[in-house]
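Going by Swiss-Prot, these are the annotated features:
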type	residues	note
DOMAIN	8-291	domain 'tr-type G'
BINDING	17-24, 90-94, 144-147	GTP binding site
Amino acid sequence: MTRQVALDKVRNIGIMAHIDAGKTTTTERILYYTGRLHRMGEVHDGGATMDWMEQEKERGITITSAATTCFWSPKYGNYKGENHRINIIDTPGHVDFTVEVERSLRVLDGAVALFCAVGGVEPQSETVWRQANKYGVPRIAYINKMDRTGADFFDTIKAIRERLNSNPVPLQIPIGEGEIYAGFVDLIRMKGIIFDKEDGSTYEEVEIPHDLENEARTWRINMLEAVSEVDETLLEKYLNGEDITESEVRKVLRQATLNVDIIPVLCGSSFKNKGVQFMLDAVVDYLASPLDDGEVEGHHPRTEEDVVRHPSDDEPFAALAFKIATDPFVGKLTFFRVYSGMLKAGSYVLNSITGKKERVGRVLQMHSNKREDLDAVYAGDIAAAVGLKEVRTGDTLCDEASPVVLEKMVFPEPVIQIAIEPKTKVDSDKLGVSLAKLAEEDPTFRVKTDDETGQTLIAGMGELHLEILVDRLRREFKVEANVGQPQVAYRETIRSKVDFEGKFVRQSGGKGQFGLVNITVEPLEEGKGYEFVDAVKGGVIPREYIPAVNAGIQEAMKDGVVAGYPMQDIKVTLFDGKYHDVDSSEMAFKIAGSIGFKGGARKANPVLLEPIMKVEVVTPEEYLGDVMGDLSGRRGHIEGMGQRAGAQFVGAKVPLSAMFGYSTDLRSMTQGRANYSMEFESYREVPKNIAETLQEKRSSKDAQ
């Protein structure tokens, strides 16, 4: 059994963009040109192949990262005529589904960043760009919708440079914009490409139009200067006025793209079939193969020693599970990226996070929601496994004889929660199982039971996120449920450092209970969560009781001292204590830890925190005053404003608690002509009057 395509001919790419930049349409065109589709689906008629969930077809947005495989042989460039395998992950553009983008980027070798030629760089573009920077993902930019009225290629380039702090280098410039968009000038070959008006998939190569000759020369010089800066040999040739070959330019462009020194920029109109073929050539030419990415580092699950895996079929098997999905026909699907080795269908793998062995029943190559069986997968492949029951997102799958734990994925905490109740007894029986399956698929979706009311609470990244999950309950799991009003996920923290003694003594005949701890409680910087330091010396507390102290503290943190909300960003140092030979126990020290923490937290200037959202509103100018006044009335802090795509935009930081129902209010305020995006920014201290209201609510709840 050998691989079909050499590793250097594989490209694992993501398509990332703001909502409505034309992402799903572009993927459809890629599949059409690479021979995977016979009829192209349009997003606006609900027929797109990659948008396969019912809600996606209805809303015209992509929610889950559908994965698909296709093949492409470039017509131009250094890989001309060589067949390449392209694995594509289509990622959602709505900020509530940022987790899908995050986990896709973790396993990709490159990305195509889509921008709308009219809208330019929009808020989600910035979010996704930051995520791609975090993982060092090489990318090319494709400026789509060049045929739309108001399209501005060069303005979008400027926005990429300024708003994304990147180095965009156009490899093409458009011939016409808006309704007169006809094609582009290829700055590497210095030729014009004119697309057929009726069928954009056919085109002819022409000389550069006279009125564009000077502009094309200027932008070619700009491109040559940019690539020369990253290669000394090329720089020398350029400064000496020597000829630089097309092959040399592409070779250096590739290296500079892989190093994320430059972002090659292309243009087109996917809807009109113009430009996608050349974007595919660029994917092959400039984006990384698994070999370019090189080795991945991890550690041994038992010894914690560093372990390295190279992208080779001969190395031991190592893969990362990056997505769990429920398929109506085959059950649980585990999407994984193979970093080294090979895996045959029917063989066993070790989950190095849980230490459990599981059998991979089938290995599938996915085409959106269709599938084909594979006998084996190899280094660099992206596939889906059937039969893995206990694997979760971010787990490492590996060879039992050579275990490794790859770097885990980190997901943001949910910021909004709602109570959910089944409508009937039948629904009640199914609700728990169905919610557990959804939580397994989505690491930012949490389910818990309120200890006091017994209500089931679901938490997620935004109103749309939870709305779609409740919708999936109804459609996929046939569970009808009522949902309550959204609740904000408040948090608590401390502002001061204090020492405190926690003591638990119980003497009631027979064996007593005794545990005494001395701890320091102090604030940590935002986002650090919780840190426990064992600074006990001289055996004043036996070693076996110290984990119990830590457990008691963590349990106490779940129920804060201000209004009962979870506490975060706190460091606790255990520095002293006492024990009793007979009466001490793990339970006694757990309770002592809890008492000590609660007492210390009350003295350490505790405060209530609320999630603050980064909000951007794009509105016609006549409504600007109303929009700004409304945001200020919601305790919003206006941070910036300006013009974008013929409209005004306002940036603000607003508490989440003030944003519920905002879409309806904005619609009525602007007659439906404005839109907005919102994403979590950080936690901030709640104003005193609101904190008091929340404390009163808590007190009245406790009194009931």
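Each residue, glycine too, has its Cβ placed from N, Cα and C.
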If H, G and I count as helix, E and B as strand, and all else as coil, what does DSSP give for ALA17 (GTP binding site)?
strand
Which of the three DSSP states, helix, strand or coil, fits MET146 (GTP binding site)?
coil
Give the mean pLDDT for the domain 'tr-type G' (8-291) on the 0 to 100 scale.
83
Out of ALA17, ASP20, LYS23, MET146, which of these binding-site residues shows the lowest number of other CB atoms within 10 Å of its CB?
ASP20
According to DSSP, collapsed to three classes, what secondary structure does LYS23 (GTP binding site) have?
helix
